[in-house]
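K.L.:
Below is a structure I'd like to ask you about.
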Amino acid sequence: MKEKKIAILLGGASSERKISLLSGEAVFNAVKKLSGFIPIKYDSKTDLKKLVSDKSKIDLVFIALHGKGGEDGTIQSYLEKLNLPYTGSDSRASSQAFDKVKAKQIFRQNGLDVLPHFVLTFHSQLPKNIQYPMVVKPRKGGSSIGVAIAKNLPQLRQKTKIAFKHCPKIMLEQYQKGREFTVPVLGKGQTARALPAVEIVPTKGDFFNYQNKYDGTTREITPAHLNSKQTKLAQNTALLAHHALGCSGLTRTDMILFDGKYYILELNIVPGLTDQSLAPKSAKAAGIKFKDLIKQIINEIYSL
C-alpha cells in the first residue's frame with residue numbers, strides 16, 4: 001500500500017503562532033509513529049507557495065494552526081480552492097465558530113444556553129446599565145488572548161483598550177461565577193462522539209487565561225468530578241454545539257456550570273495539541289493515546 005503524505009500546517013502569523021508551532025510539532029511526531037503515513041511540515045507564514053507546488057504529492061493537510069488565519073475559515077477556504085482535503089471543520093463552520101457573537105447566536109437558536117452579552121466597537125458608547133463584573137473578549141480570537149475581567153468602569157475602559165488591539169470589535173459578556181469545564185468532540189455527523197469532560201480550576205486569577213493555560217498554574221481534573229447526569233449533560237451540550245455549527249474533526253467546547261445549567265462560552269475549532277493541551281488530556285482519560293487521537297482525526301473524517 002502506498003504511503004500517504006500528510007502536510008502538517010503549523011506556525012502562521014497570528015498571535016498564537018508559538019502554540020501552533022508546538023501543536024504542529026506534536027502532530028508531526030505522532031504521524032511519524034503511524035504506519036502508512038509520511039508527515040511533511042509547512043509553516044503557513046513562509047511555506048504556502050511550497051505547499052501549492054507540492055500539491056500533487058499531498059494526500060491530506062493536517063491543520064495545526066491556531067488563531068487568525070488558521071481557525072477563522074481563511075486557510076480552510078484556501079485549501080478548498082486548491083481542492084486539497086484537510087482535517088477539521090470546513091470554511092463556513094470555522095468562520096462561524098471563530099466569531100464568538102455569531103456562534104452564540106447559532107447556539108441560542110439551537111436551544112443552548114449562553115450568557116448575556118453585547119458587541120462594542122471602538123467608537124461605541126458604553127451602556128450606562130452595565131452590571132459588573134464583565135468579561136471583555138475580542139470578538140474573534142483564541143487562547144484567551146485579550147480576554148480579561150472588568151469589575152468596575154475604570155477597569156472596563158482599560159481592558160477594552162487592550163482588547164481592541166487584538167480585534168476591532170469586542171464582546172462584553174456577563175461574568176458568571178461557576179464551575180468551568182471543557183468537552184472535546186471528535187468526528188462528524190452521526191459518528192461524532194464527546195470525550196470526557198475536563199474541569200478547569202485556575203490557581204491564579206479568576207479564569208483560564210493565556211498565561212495559566214500554558215504555564216501550569218491551572219489545576220485540571222480529568223475526567224471531571226461530575227455525577228452521571230451532569231456528565232451526560234455536559235457531553236450532550238458539546239455535541240449539540242459541534243453539530244449546530246456544522247463542525248468536523250476535533251473541537252473543544254468551553255462551558256460554565258451554574259444553577260444546574262451549562263452555559264457555552266465558546267467552541268474551539270482547532271484545539272491545542274501540545275502536551276499541556278486539554279483535548280489530548282481528555283482523550284487520554286478515554287484510553288486514547290495521542291498518536292491514536294491523531295490517527296482518528298485523519299481516518300474518521302477522510303477514511304484514508
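The backbone N, Cα and C atoms fix where each Cβ goes, and this holds for glycine too.
Sharing the feature lines straight out of TrEMBL:
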ACT_SITE  GLU16  active site
ACT_SITE  SER143  active site
ACT_SITE  SER277  active site
BINDING   ASP254, GLU266  Mg(2+) 1 binding site
BINDING   GLU266, ASN268  Mg(2+) 2 binding site
DOMAIN    104-299  domain 'ATP-grasp'
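How about a rundown of where these features are and what they're close to?
P.N.:
In the shown protein chains, 25 other C-beta atoms lie within 10 A of the C-beta of GLU16 (active site).
Around SER277 (active site), the same-chain residues at least 6 positions away in sequence with a Cβ under 8 Å from its Cβ are SER23, PRO271. In the three-state DSSP scheme, SER277 (active site) is classed as coil.
With a 10 A radius on its CB, GLU266 (Mg(2+) 1 binding site) counts 25 other CB atoms from all the protein chains.
Under the DSSP three-state reduction, GLU266 (Mg(2+) 1 binding site) is assigned to strand.
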K.L.:
Note down the number of other Cβ atoms within 10 Å of the Cβ of ASN268 (Mg(2+) 2 binding site), including every protein chain shown.
P.N.:
22
K.L.:
Have a look around ASP254 (Mg(2+) 1 binding site) and count the other CB atoms within 10 A of its CB, chains all included.
P.N.:
21
K.L.:
Round to a whole number and give the Cα-to-Cα distance in Å for the pair ASP254 (Mg(2+) 1 binding site) and ASN268 (Mg(2+) 2 binding site).
P.N.:
8
K.L.:
As a test of reading the model: what is the averaged pLDDT for the domain 'ATP-grasp' (104-299)?
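P.N.:
89, rounded to a whole number.
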K.L.:
Please report the distance from the Cα of GLU16 (active site) to the Cα of GLU266 (Mg(2+) 1 binding site), rounded to the nearest angstrom.
P.N.:
17
